[in-house]
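According to Swiss-Prot, the protein carries these features:
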ACT_SITE  203  active site, nucleophile
BINDING   169, 192, 203, 283, 402, 407  substrate binding site
């Protein structure tokens with residue numbers, strides 16, 4: 001469903017468009033046979049220029065997948081012309097052979113684009129993978145798919161939509177966004193991720209595009225500021241992937257250089273909306289939960305406390321059962337390594353006070369948590385800092401999906 005809202009500077013936000021909404025980009029998504037299911041599994045995003053500036057942020061997991069290592073290396077130039085993404089296999093924990101597979105994939109994309117008429121080098125190609133950890137990719141199918149996908153590229157809605165479908169794993173719907181600035185420049189994006197969503201980006205692949213004229217350093221600033229307040233604050237299950245990658249490419253096709261503040265704002269809004277879509281489609285989700293800690297001594301304390309609550313399985317199962325068990329929330333925040341006074345803690349569910357000065361209110365057990373959106377707010381009453389984490393409940397379906405993922 002198309003979603004249009006008005007945000008800062010009269011920018012239009014639409015979910016029916018994605019990476020090809022900005023001028024200068026084409027994309028495609030095809031079935032290469034990587035997935036046993038026969039679902040689409042190979043995507044390509046191509047920057048037609050005239051500029052090729054790029055930036056990226058990656059998982060902080062020490063066990064990094066081969067495509068992450070490859071893409072970190074090529075991004076040292078601050079330039080990208082293409083991103084090739086596969087679902088159906090993570091190419092993680094595959095050793096030197098897996099890294100060579102990523103390199104070979106980039107070379108194949110460069111060769112196919114060059115044959116298509118756009119001279120491209122492997123060092124200009126980012127590689128992203130998602131799926132089961134520990135197995136090498138079927139390179140015969142990957143390389144055949146690379147040769148085919150170049151001829152399927154399209155601009156407009158079609159190419160971006162096909163690409164967004166092709167990167168899905170346990171996702172049930174594609175995630176896309178486009179922000180059209182009134183000053184005639186655009187930011188678009190697509191993301192995937194439904195499980196292993198935790199900070200250090202969440203488990204996800206995300207490609208963002210813009211037709212603004214932007215230097216790599218400015219892109220890097222915008223992306224890092226955005227991810228720190230969006231993807232890094234989406235925490236579904238506390239598990240951090242080996243493959244997390246967020247890339248931002250700029251074509252310069254609009255001819256417009258926006259102020260840094262406007263670029264920062266647009267990228268953050270795009271990331272924030274994609275985060276909301278990822279949260280809504282998380283594995284086994286029945287409740288979308290927002291955990292906010294206010295009154296903390298510092299921003300770091302607020303973030304740590306909110307994350308402690310969001311990751312607590314007893315809190316998450318209580319939310320799943322629509323049980324207003326506020327004691328579990330206080331028990332969780334009490335374990336956070338932050339400054340707090342238990343006799344000053346206040347808390348609410350969906351705006352209804354359930355705890356004041358560390359003691360439950362008379363109607364605390366009567367709060368209705370049967371709605372799909374749950375807001376948990378804890379006031380430490382120590383300082384002025386605040387932070388919010390997005391999470392979900394913990395359902396039977398989540399356990400079932402993740403107990404048989406590799407079988």
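Glycine is treated like the rest: Cβ placed from N, Cα and C.
Location within the structure of each feature annotated in Swiss-Prot.
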residue : record                 : DSSP class
169     : substrate binding site : coil
192     : substrate binding site : strand
283     : substrate binding site : coil
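All protein chains shown were included, and the count of other CB atoms within 10 Å of the CB of residue 192 (substrate binding site) stands at 27.
Cβ contacts within 10 Å of residue 169 (substrate binding site), excluding its own Cβ and spanning all protein chains shown: 23.
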